[in-house]
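Annotated features, as they stand in TrEMBL:
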ACT_SITE  LYS65  active site, proton acceptor
BINDING   SER14, VAL15, SER16, THR61, ASN87, ASP101, TYR215, GLN243  shikimate binding site
BINDING   GLU78, GLY124, ALA125, GLY126, GLY127, ALA128, ASN147, ARG148, THR149, PHE150, GLY151, ARG152, VAL213, GLY236  NADP(+) binding site
DOMAIN    6-89  domain 'Shikimate dehydrogenase substrate binding N-terminal'
DOMAIN    113-189  domain 'Quinate/shikimate 5-dehydrogenase/glutamyl-tRNA reductase'
DOMAIN    236-266  domain 'SDH C-terminal'
Amino acid sequence: MKLYGIIGDPVEHSVSPPMHATAYEATGIDATYSRYRVGEDDVRAAVRGADALNIDGLNVTVPHKETVSALDGVALDETAERIGAVNTVDFGDEVRGYNTDASGALRAIERETDVAGKDVVVVGAGGAGRAVSFALAEEGAAVRIANRTFGRAETVADELCGFGEATPHSLDELGDVVPDADIVVNATTVGMEEDVSPVPADALRSHHVVFDVVYTPLETRLLHDADDAGATTVDGAWMLVYQGAEAFEIWTGRDAPVEDMNDALREEI
């Protein structure tokens, strides 16, 4: 039996286990996927222990993605190294860290539109914002990064200069930059616990594709406002599905049953 799981703190809320369990069942793989709550001071020991115990793979959720990327003994793929965050670890011949958040977000957005040559506003310059922005810039989008702390947006924009076009903005500028954008992304947790949106409703237009990384609730205030404006919306569950599907493929070498994983995830949410 193959052993997989997810580490984080907290981790009890994770909806990844039923999604991955469905994937194993659909592909006939004898495997299990468990939640492991790991405190900040125990991340190194947890990763080393997982390797010693012959666990085959781990997902990493907040707040440990950056910590795992900096661990000695964890080789990073190119995307994880650029972003400075790991959300998937494979224990093969070597311990290798990957970032599938970036490609997961990109695949979610590209359900509705190609991103090359598009003007994209990304709200948030934290871990999710960095991953989304890197993916978009590498695909040829012009990325406008808006953050509560302008200096953080400036830092991420500077880091992206070698990969594509990026400019920093303050949140106060959203009313000016959003209307002319092609794609709008919320990469913050705003809207998760309160019925609020990080983007002014009157800045949204019918030509927008609006993607929210938040998946609980599935229809956030931002997506509700976007729908009212006639925009095309993409909910955060798609990013979770696609990043999970890529992790599955890294671990197993098999094509992921994406639709089965999507159905299981949405049933759990």
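Positions of Cβ are set from backbone N, Cα and C atoms, glycine also.
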Would you kindly give the Cα-Cα distance separating SER14 (shikimate binding site) and GLU78 (NADP(+) binding site), rounded to the nearest Å?
26
Tertiary contacts of the domain 'SDH C-terminal' (236-266), defined by C-beta under 8 angstroms and 6+ residue spacing from its ends, are 2, 4, 15-16, 18-23, 26-27, 29, 56-57, 59, 87-88, 90, 98, 100-101, 103-105, 107-108, 111, 211-215, 218, 220
Quick one: what's DSSP say for ASP101 (shikimate binding site), helix, strand or coil?
helix
If you measure from the C-alpha of LYS65 (active site, proton acceptor), which of the binding-site residues SER16, GLY127, THR149, GLN243 fall inside 10 Å?
GLY127
Residues within 8 Å of the SER14, VAL15, SER16, THR61, ASN87, ASP101, TYR215, GLN243 Cβ centre (excluding the shikimate site residues themselves):
ILE6, ASN59, LEU240, GLY244
Look up GLY127 (NADP(+) binding site) in the DSSP assignment and reduce it to helix, strand or coil.
helix
Model confidence over the domain 'Quinate/shikimate 5-dehydrogenase/glutamyl-tRNA reductase' (113-189), averaged pLDDT:
96
Here the binding-site residues are GLY127, ASN147, THR149, VAL213, and the Cα closest to that of VAL15 (shikimate binding site) is found at VAL213
If you count Cβ atoms within 10 Å of each one, which of the binding-site residues GLU78, ASP101 comes out on top?
ASP101
Within 10 Å of the Cβ of SER16 (shikimate binding site), how many other Cβ atoms can you find? Include all protein chains, please.
23
Maximal Cα-Cα distance (Å) across residues annotated as binding shikimate, namely SER14, VAL15, SER16, THR61, ASN87, ASP101, TYR215, GLN243
17
Report, in whole Å, the straight Cα-to-Cα distance of VAL213 (NADP(+) binding site) from SER16 (shikimate binding site).
15
Between the binding-site residues ALA125, GLY127, ASN147, THR149, which lies closest to ASP101 (shikimate binding site), Cα to Cα?
GLY127
